[in-house]
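Right, one structure below, let's go through it.
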Amino acid sequence: MSRRYLFTSESVTEGHPDKICDQISDTILDTLLTQDPTSRVAAEVVVNTGLVLITGEITTKANVNYANIARQKIAEIGYTNADNGFSASSTSVIVALDEQSPDIAQGVNTAQETREQDSEELFDKIGAGDQGIMFGFACNETPELMPLPICLAHRIARRLAAVRKTGELSYLRPDGKTQVTVVYEDGRPVGIDTVLISTQHTATIGDITDEAAVQAKIKQDLWTAVVEPVFGDLEIKPDQETRFLVNPTGKFVIGGPQGDSGLTGRKIIVDTYGGYSRHGGGAFSGKDPTKVDRSAAYAARYVAKNIVAAGLAEKCEVQLSYAIGVARPVSIFLDTFGTGKVDDEILLGLVKDNFELRPAGIIHSFNLRNLPSERGGRFYQDVAAYGHLGRNDLDLPWERTDKADFLKQAVTHSLSAAIA
């Protein structure tokens, strides 16, 4: 008997208050790593009406102006008019930073494996920056090997920002949210149930002043300029049964930090798989690569994506866990949800033998300390909005499928050996 169900994921634009914070945090990280690739960074940002607070722990040789970094990023996002209650030029910026705790630093600088002389391997020298669990996921629903709902939500959010920035819909303002509900049948997406867009806008549009008329124009414009282009090249599209909701409160004039405070790390589901896969709870933005919340989550995605890209499973989830100050993962778990072409234990063995999952190894494999300087001073800030994963518009090392062919051959060899 077939099972039909709905699954929903959301995204937000770069002008959402929480995303402003994520982008400032990651711009700080980019700037510090560009000058000093060994910087230890845990940059947290809070925004509210007319206020930016930069706090956290940073140890670095770099010399930067944190207030200028924040203002430049705020202006780039689109907050340039003080009449909106928040702008790059008018906001106050408070900087309250400490250095990384020496108790934490000693475990990261010299991992337990090295301190206790259990290993002389290079990648055993750096310990994990904290304990924790991280998940990586991939599935074959989209070319990005990501779940369809989060891909669509991101596409709409990016298009929403694009038509604002180009002036195509000049009445739009930076804050916005999107949400897509996908119809599934027997585990495969078959339709679009609901598309929801909430977008900040001016109180009037040209000579249109009536609130209902303003909302009617916004709804029509968003369908034509945003939704239709997003779905234009896709097989699954909205149909006559699809609900299209726009600003369901009736208006969205007060937005950005004037409407809601923002905080770094508060959109972790938007940053990953839209709720389709499990999440360990750790945020990404503002954290240097020794923080396994970030680097190990990228590594787990890399593992899962290569397994799916190799055709060894239709979907794959990988869990990694770490202890602070210890280089090697405490545990590695893999689940293909019954879609694997071979037993999960065979895949797990291949992962353990062929993927480098120690923090120093992940940093080296993905070049995580040097990418900001190699890419003109910006890398992490570009993934701080519209998702860290499945970004075919960016060259991200954890999105590469360079181990897929090897995995296919290894499985074939393993099966042949078992038969022999």
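Just so it is clear, glycine is given a Cβ too, placed from its N, Cα and C backbone atoms.
His16 is the residue from His16, His413 that Swiss-Prot records in the ATP site together with Asp175, Gly176, Lys177, Lys251, Phe252, Asp260, Arg266, Lys267, Ala283, Lys287. Given the ranges 34-44, 100-110, 364-374, the record in Swiss-Prot names 100-110 as region 'Flexible loop'. Following the DSSP three-state reduction, the secondary structure of Asp18 (Mg(2+) binding site) is helix. Spatially close to Lys267 (ATP binding site) yet at least six residues away along the chain are Val12, His16, Asp18, Lys19, Asp22, judged by Cβ distances under 8 angstroms. Within the same chain, the residues at least 6 positions away from Gly176 (ATP binding site) whose Cβ sits under 8 Å from its Cβ are Val12, Thr13, Gly15, His16, Ala157, Leu160, Ala161, Ile197, Ser198, Thr199, Gln200, Gly255, listed in sequence order.
Closest in space to Lys291 (L-methionine binding site), of the binding-site residues given as Glu44, Lys251, Asp260, is Glu44, taking the CA atom of each residue.
Only Glu44, of the binding-site residues Glu44, Lys251, Asp260, have a C-alpha within 10 angstroms of the C-alpha of Glu57 (L-methionine binding site).
Of all the binding-site residues given, namely His16, Lys251, Lys287, the one with the smallest number of surrounding CB atoms inside 10 A is Lys251.
Comparing the Cα of Glu44 (K(+) binding site) with the Cα of every entry in Gln100, Asp260, Lys287, these being the binding-site residues, the smallest distance points to Lys287.
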